[in-house]
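Q: Can you read through this structure? Questions will come right after.
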């Protein structure tokens, strides 16, 4: 008996009642009161079907949490006379996102109002509210739709919808305008569905995701070229689809576009005049043409060279008399579809590569060739006959495949309905299925499934009967597929089962790696039948050809699997009854195994041999006994040890008859009097001492010859005499190769001129090297000093350090330098002409120079050594003049060739003004020795840049940076009436043997002075700068090398000082008066009407003698702010001295006061610089002299000092 607790039951009923009330409360969502009132007003205004009692369950959608109205449809009760919808009617719904109105007029500006939460708006028949169309920009919408005919023939500017992601206008046909998108315009529309009258120019518009365009009879065909400007992933075009008979046709223009991926054209296409070449239209991945009745040329499909990666769909046509070239269309990822185009042609053989082909309702005749097994095909409702190939019939029960099959219940069987096939039977058996599998990689597992009639649907294939995969690569459709199982590996797997659900739901076992068949058991069931058990047999019947022989009897395979085989012989040829019979199994022609069995009836052969007898080359297993039958060359229980024959020099006996053979190792054990591998060589003993030590224990014996090879420390035939090795240095020979060794004592007897214990040192032929060098004992040769050469250092290395030249008419010339005491066959030439020598000594040559002009090179030849001096001889000119003829502001001194300027004028050419020159400040930087002259906003700088050693061709051999490497020694006023301030800087060059010292002397000239340098007299004006540099004891790398000294003069402007803006002017460098043929070389740098000028005397003191100095100038190609002067020094032996000067003036254009004249803003201050360079060098062999001028621009940062 079952009893109930009534109190408990009543309590549960009460709880259920409360739960039902709660559920009702939950699902009866009520909006906030203001929104509820808003909806009530709309219901009253339009008489809609909105149920206020079930508000959120009908035409209104509410937020499930807050109850706020999210979505609403307004459909008036009276569609003919609905009142005007106002913006305020909707503003009371602040969270409304989706609004649909139909048959309702709205106030002007309604659709342009930016409602706070609105995402989507749909308007269906606006009752003439949009008779002018869309006339201004819409606010942001995810979706906006207008379905009303009143916008017909209006103009729509696409920029007005640029804030709408998806726009649809499907009823009224509008004129489209695409104003160019300008920089900053945000065009977010990606979906456009519109009924239009034209194609606008989309050139400046971004790519759409989808464009759907519908055209009617009023379409402006002249705008078709604009089709090529559209860029979209998908585009659908409809022409005149509303026409009942589709009588109006449209020309084909799909070939114009290269920027649409998927194109659908639904239009009656007109007959073209020519074929369309699609070889360049690689953009189309999908092309669908509908209603192609007239789209042909003489019955041929008029589109050629469609890309294989394009999916092709053709619908509705009846005019083709030539089968479309479908074998040229499609690939493994793209299909072809032809529906209802009434071909009435036989189906061609398949030679294409498409994924599948749908050919429905086309009246195709003929049969389906087996070549169509290389793809999938659907041929419903055609006129085909004959048999369907087995590649399809085996899979009639295959379920629906998306894309090719339509109905969810479709089977592959349905693809062949509506024809007259003789074997269209869903229950037809499959006997041709023959799968094969190869493992491509183990981890992650990847396999190749291939074979005969394997089907088209990898969903039917399961690894281990349970594991499927969607990672499938179609290599050859219907013939080969690659499957990847990302979560599976075969690292420790030898073979595996695989389920094929179709056609016969069968599990086959496949090897990971093909191996020889393994036999574990052979049973003779009868004289005519045997069963074999093991592994690595044929996975299924027909997978591999299997041949079995029992003795000489062939046993035909009747059934087989990976693990089992049953074979039979004919009744007339039974197995022989033997206790040991050869059993052979051969799989696939190259995988074989052989065993011995007992072939008596009912005998089970399952005894395994040790190690499988290694392999067939070593032995064969007798499975009736479990013992190996080794081949003739092997032995041991598992036949693993080879029987090796020993070598011999005789064909009849082993080990040459002089020893015994070890057949395990194949090695001879020779008799005591013989040796070698084959014991053919006699054994001869070597001498030994009284202790029986062979070769006295100090060597090894060659038993073939009986001769000892002694250790390193012993010698003689029996190695009994010690061997002492003589010393040697850096040589493979004893006594360094320069003596004889006494090996019993280890002492060297050196050759003549060689000495020391190892004979490695060598005396020179002249040990003293004539006091002009030092003997190098390592090589036995003299190392001469820089002034001499030759084996005994007697030949001087001559050079010229300075010259006193002749006049241009020729005459006496003096050459100072070093010429030595040995001066055999002394000759001297100037410019290639001989100079008759009148006197010569170790440091001086006098000769009579030939007439000439300008600068020449010289050669000095003695002792068969030629010394070259390039461009170092300058004829003294009889006709020189002052620079610029003193600018007509002075007189020329014909003696000194200096200008004597008139009052108030200065500079080397009297071009500068003195009286109105602003006050300058001078600063000498104690670190860099840079001299800075600051005049108002302009800074002029002078500094030494670098010292170069160059060879005769001007190639730089050594380079020393001089800037920022100076040491300041002192700065003081001179005692001579305070006429100058002197600054001295020094630095040293310590480079190997080079101990050169450089001294820079910078003088600020306070009073006018007249000085002499190198026999040249010149004047120094007040407020100028005089430089002197001395280079002492420089050691050259070669006596033909010389030095170059680079100095930089530059100008820059302080932009913060603008008191003299009226004088502003660009920088300018003038080198027109830089001329080696004058006594002085001049440069000018002008900036803001201020002139900085430099004077370089073309003389240098070389070892105390005045000689010619050339120079070169280099200016920047991009700016005029700095110049580099390169002074070409002679081959000085001890010291070179150079002495330039600089000064500053202004031009006549300079304005002292800028307040009254804003138009004239130019002034110039000339700065004259006199530079004297003292260069001291050490003798380093013959040299040449090269004199050039070079000016390069540069800027310096400097400290300033007041300079009056």
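Just so you know, the numbers here start at 1 and follow the chain as drawn.
Each residue, glycine too, has its Cβ placed from N, Cα and C.
TrEMBL labels come from automatic prediction, so no person has curated them.
Sharing the feature lines straight out of TrEMBL:
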type     : residues  : note
DISULFID : 784-793   : disulfide bond
DISULFID : 882-892   : disulfide bond
DISULFID : 901-910   : disulfide bond
DOMAIN   : 760-794   : domain 'EGF-like'
DOMAIN   : 878-911   : domain 'EGF-like'
TRANSMEM : 12-30     : transmembrane segment
TRANSMEM : 1163-1187 : transmembrane segment
Q: State which of the following disulfide-bonded residues has the fewest other Cβ atoms within 10 Å around its Cβ: 882, 892, 901.
A: 892
Q: Taking Cα-Cα distance, which of the disulfide-bonded residues 784, 793, 901 are within 10 Å of residue 892 (disulfide bond)?
A: 901
Q: How many helix, strand and coil residues does the domain 'EGF-like' (760-794) contain under DSSP?
A: 3 helix, 12 strand, 20 coil
Q: Please report the Cα separation of residue 793 (disulfide bond) and residue 901 (disulfide bond) in Å, rounded to an integer.
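A: Cα to Cα, residue 793 (disulfide bond) and residue 901 (disulfide bond) are separated by 58 Å.
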Q: Cα of residue 882 (disulfide bond) to Cα of residue 901 (disulfide bond): how many Å, rounded?
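A: One finds 11 Å between the Cα atoms of these residues.
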Q: If you draw a 10 Å sphere on the Cβ of residue 784 (disulfide bond), how many other Cβ atoms land inside?
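A: A 10 Å sphere around the Cβ of residue 784 (disulfide bond) contains 22 other Cβ atoms.
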Q: List the Cα distance (Å, whole number) between residue 910 (disulfide bond) and residue 784 (disulfide bond).
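A: Per the Cα atoms, residue 910 (disulfide bond) and residue 784 (disulfide bond) stand 55 Å apart.
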Q: In the structure shown, which of the disulfide-bonded residues 793, 910 has the fewest other Cβ atoms within 10 Å?
A: 793
Q: Whole-number answer please: how many Å between the C-alpha atoms of residue 901 (disulfide bond) and residue 784 (disulfide bond)?
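A: If we compare the Cα positions of residue 901 (disulfide bond) and residue 784 (disulfide bond), the gap is 56 Å.
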Q: If H, G and I count as helix, E and B as strand, and all else as coil, what does DSSP give for residue 882 (disulfide bond)?
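A: DSSP call for residue 882 (disulfide bond): coil, neither helix nor strand.
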